[in-house]
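According to Swiss-Prot, the protein carries these features:
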type	residues	note
BINDING	Val23, Asp24, Phe25, Asn26, Arg39, Ser61, His62, Gly64, Arg65, Arg132, His168, Arg169, Lys216	(2R)-3-phosphoglycerate binding site
BINDING	Gly214, Asp219, Gly238, Gly336, Phe341	CDP binding site
BINDING	Gly214, Ala215, Lys220, Gly238, Ala311, Asn335, Phe341, Glu342, Asp374, Thr375	ADP binding site
BINDING	Ala215, Asp219, Asp374	Mg(2+) binding site
BINDING	Ala215, Lys216, Lys220, Ala239, Ala311, Glu342	AMP binding site
BINDING	Ala215, Lys220, Ala239, Ala311, Glu342, Asp374, Thr375	ATP binding site
Amino acid sequence: MSLAPKKTIDDAVVKGKKVLIRVDFNVPVKNGEITNDFRIRSALPTIQKVLKEGGSCILMSHLGRPKGAKMSDPKPAKSVRGYEEAATLRPVAARLSELLGQKVEFAPDCLDAASYAAKLKGGDVLLLENVRFYAEEGSKKEEERDAMAKVLAAYGDVYVSDAFGTAHRDSADMTGIPKVLGAGYAGYLMEKEINYFAQVLNNPPRPLVAIVGGAKVSDKIQLLDNMLGRINYLVIGGAMAYTFQKAQGHAIGISMCEEDKLDLAKSLLKKAQERNVEVLLPVDHVCNKEFQGVDAPLVTKDVEIPEGYMALDIGPKTIKIYEDVIAKCKSTIWNGPMGVFEMPCYSKGTFAVAKAMGNGTQKNGLMSIIGGGDTASAAELSGEAKNMSHVSTGGGASLELLEGKSLPGVTVLTNKE
């Protein structure tokens, strides 16, 4: 577990320095317009801290999944190596400039930006073009990542990482630069992520409930295995619940089920029992014959799902039980929705869990942490995200932490003495 306390931007001397900040500006862009700027706004406190202290910022990010060119490729006459219109960070520079209320310089080639960096004075901001326009950024070969890192590191004096969402990947800009510069500091967003996950994994207020949903048991095996040694209650929802229920001998109709994981489900339930973890599975379901929204889906009377029906959300009795468990806990970690929340008729379970967590946090001081990805989207959609202690910005990164893995992009940062 790489969650030792890290030196943060507050420990770094930034006055008069050029500060390289790896941010996460991987925002949704449609026809050149940013449709959600949450990630840009999330990075502002770290950027503003550097500017206030008299430093300048050199910002690096990826956007989307461009194919990426090689550093050795010849430069095209009128364009940039690896350039893809759909993945340019140019619209982000414009939006960031509005949010900061100052000009943000834009370097159209992240590996040919030395002249831009050289001109920076205290209080200036420079955004480099998409680092993933170069294949070396996330290359499997360390020497290729390091070659790119050396070019980027030469632009600045201090390295700050504020991109928790990509901390589970070894890359030129997440792990390469701090190795070249010999130190790395956590930005405010990264610090918050590390602190909340360290608390829930190492020393949570108890009782602690893990709420785990989503489609497949196979996606969450390591998470369940690791968390069973740390939690008091395990609440299971989403399609993965039906694999557990079939393993217990219940009828699941035509609900999604991983037939080859039934023995695994049994062994996880046995392990929970041995560790005194109370496991809660749905006792009723919201069903339909087809995977589509309907005005009046079937609600089962009990745990059994009738033949020809698939369960697509947890039922009202289950919601009540899950709400009661959340109400008696002091910490919650939630990863994975309870049903097909994108369809309103199957969103009640997911939104009820979000509401119970939001209420508990605001009224009873519950520590509520939401893993990123779908769960964060569901919390946003329910209107409860603002009421949680912490909504993680990293889907893959938060999942790997909950699985007990260390994150390369966190491990590489300088430890607090």
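Glycine residues also receive a Cβ, built from the backbone N, Cα and C atoms like all the rest.
DSSP assigns Lys220 (ADP binding site) to a helix in the three-state reduction. A 10 Å radius around the C-alpha of Thr375 (ATP binding site) takes in none of the binding-site residues listed as Val23, Arg39, Lys216, Asp219, Gly238, Ala239.
If you compare Cα positions, Asp219 (CDP binding site) sits closest to His168 out of the binding-site residues Phe25, Arg65, His168.
Within the set of binding-site residues Gly214, Gly238, Ala311, Asp374, the entry lying nearest in space to His168 ((2R)-3-phosphoglycerate binding site) is Asp374 (CA atoms). The Mg(2+) site is set by Ala215, Asp219, Asp374; from the centre of their CB atoms, other residues of the chain with a CB within 8 Å are Gly213, Gly214, Lys216, Lys220, Gly238, Ala239, Met240, Gly336, Pro337.
Cβ-based neighbour count (10 Å, all protein chains) for Lys220 (ADP binding site) stands at 24. Sequence-distant contacts of His62 ((2R)-3-phosphoglycerate binding site), defined as residues of its own chain at least six apart whose C-beta falls under 8 angstroms from its C-beta, comprise Asn26, Asn130, Val131, Arg132, Glu137, Thr166. Using CA atoms as reference points, the binding-site residues Arg39, Gly238, Gly336, Glu342 were checked against Lys220 (ADP binding site), and the closest is Gly336. Proximity of Val23 ((2R)-3-phosphoglycerate binding site) to non-local residues of its own chain (separation of 6 or more, Cβ distance below 8 Å) is seen for Arg39, Ala43, Thr46, Ile47, Leu59, Met60, Ser61, Asp162, Ala163, Gly187, given in sequence order. Ala215 (Mg(2+) binding site) has a Cβ environment of 18 other Cβ atoms inside 10 Å.
When every Cα pair among Gly214, Asp219, Gly238, Gly336, Phe341 is compared, the largest distance found for this CDP site is 19 Å. Sequence-distant neighbours of Ala239 (AMP binding site): residues of the same chain at least 6 apart with a C-beta under 8 Å from its C-beta are Gly214, Ala215, Lys216, Ser255, Met256, Ala311.
One residue stands out among the binding-site residues Arg65, His168 for having the most other Cβ atoms within 10 Å of its Cβ: His168.
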